Amino acid sequence: MDGGGAHRTPEDVFRDFRARRAGMIKALTTDVEKFYQQCDPEKENLCLYGLPNETWEVNLPAEEVPPELPEPALGINFARDGMDEKDWLSLVAVHSDTWLLAVAFYFGARFGFDKESRKRLFSMINNLPTIYEVVTGTAKKQSKEKTPKTSGKSNKSGTKPSRQPEPNSRGPKMPPPKDEDDSGGEEEEEEEDHENTLCGACGDNYGQDEFWICCDACETWFHGKCVKITPAKAEHIKHYKCPNCSSSSKRARA
């Protein structure tokens with residue numbers, strides 16, 4: 001986002017925030033193997049940047065002083081080999097959340113947001129789970145605590161695979177839509193339950209018309225598009241592991 005002469009709204013800044021956030025979540029989840037390799041402790045001070053096009057990059061800090069935008073935490077690569085991987089990723093996630101807020105409110109100040117505009121911006125930001133919550137699985141736990149799972153319902157799905165496997169089956173899973181034969185109150189509860197399901201890659205909520213798949217290792221739900229799994233591919237997967245669990249297993253065997 002550039003300064004420009006056009007009037008900017010909290011919604012404009014929030015779109016920038018959300019795009020940068022999506023990129024950083026990808027780095028710490030679906031692209032974690034690539035991110036881990038790029039954070040070589042032998043290199044100079046490296047930073048994780050979230051970009052406005054929903055991608056990420058690991059790079060050196062800006063050379064200009066002061067920088068055009070607030071800078072993310074320096075030297076995230078130095079702690080990589082001295083910490084447990086999950087703890088290191090959690091630390092990077094915390095610093096990433098801090099940086100995103102700094103950038104958002106930098107734009108807010110630059111565009112002259114008043115009290116109400118700042119409040120609206122923060123409210124939109126606060127409605128999303130933090131990167132830390134997504135990376136550590138806290139967002140998923142909070143969602144479960146907020147809306148208890150309903151039981152005794154048929155689990156039909158509008159996308160393939162045609163049904164959600166039973167707990168002991170090995171196939172990939174998807175959040176089931178509401179049962180049309182249930183009462184209206186139960187339908188609303190089920191719908192709210194689904195809406196509170198968060199993608200482990202992008203952190204967005206479940207949508208009824210979207211294909212989702214569940215990792216059999218960490219039991220985290222993902223948009224199929226976020227982990228590059230289509231309904232056709234899912235039909236042939238007996239035991240699905242998300243990119244994060246797959247890469248962790250590879251490093252454990254190395």
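Every residue gets a Cβ built from N, Cα and C, even glycine.
Per Swiss-Prot, these features apply:
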type     : residues : note
COMPBIAS : 149-162  : compositional bias 'Low complexity'
COMPBIAS : 179-194  : compositional bias 'Acidic residues'
REGION   : 137-194  : region 'Disordered'
SITE     : Y206     : site 'Histone H3K4me3 binding'
SITE     : W212     : site 'Histone H3K4me3 binding'
SITE     : D216     : site 'Histone H3K4me3 binding'
SITE     : W221     : site 'Histone H3K4me3 binding'
ZN_FING  : 196-248  : zinc finger
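The two recorded residues, W221 (site 'Histone H3K4me3 binding') and W212 (site 'Histone H3K4me3 binding'), show a Cα separation of 7 Å. Per-residue pLDDT, averaged across the zinc finger (196-248), gives 82. Mapped onto three states, the DSSP output places W221 (site 'Histone H3K4me3 binding') in strand. You'll find the Cα of W212 (site 'Histone H3K4me3 binding') roughly 8 Å from the Cα of Y206 (site 'Histone H3K4me3 binding'). Separation of the C-alpha atoms of Y206 (site 'Histone H3K4me3 binding') and D216 (site 'Histone H3K4me3 binding'): 18 Å, rounded to the nearest whole number. Other Cβ atoms within 10 Å of the Cβ of Y206 (site 'Histone H3K4me3 binding'), summed over all protein chains shown, number 20.
Within 10 Å of the C-beta of W221 (site 'Histone H3K4me3 binding') there are 21 other C-beta atoms, taking all protein chains into account.
Secondary structure at W212 (site 'Histone H3K4me3 binding'), as computed by DSSP, is strand. In three-state terms derived from DSSP, Y206 (site 'Histone H3K4me3 binding') belongs to neither a helical nor a strand segment and is classed as coil.
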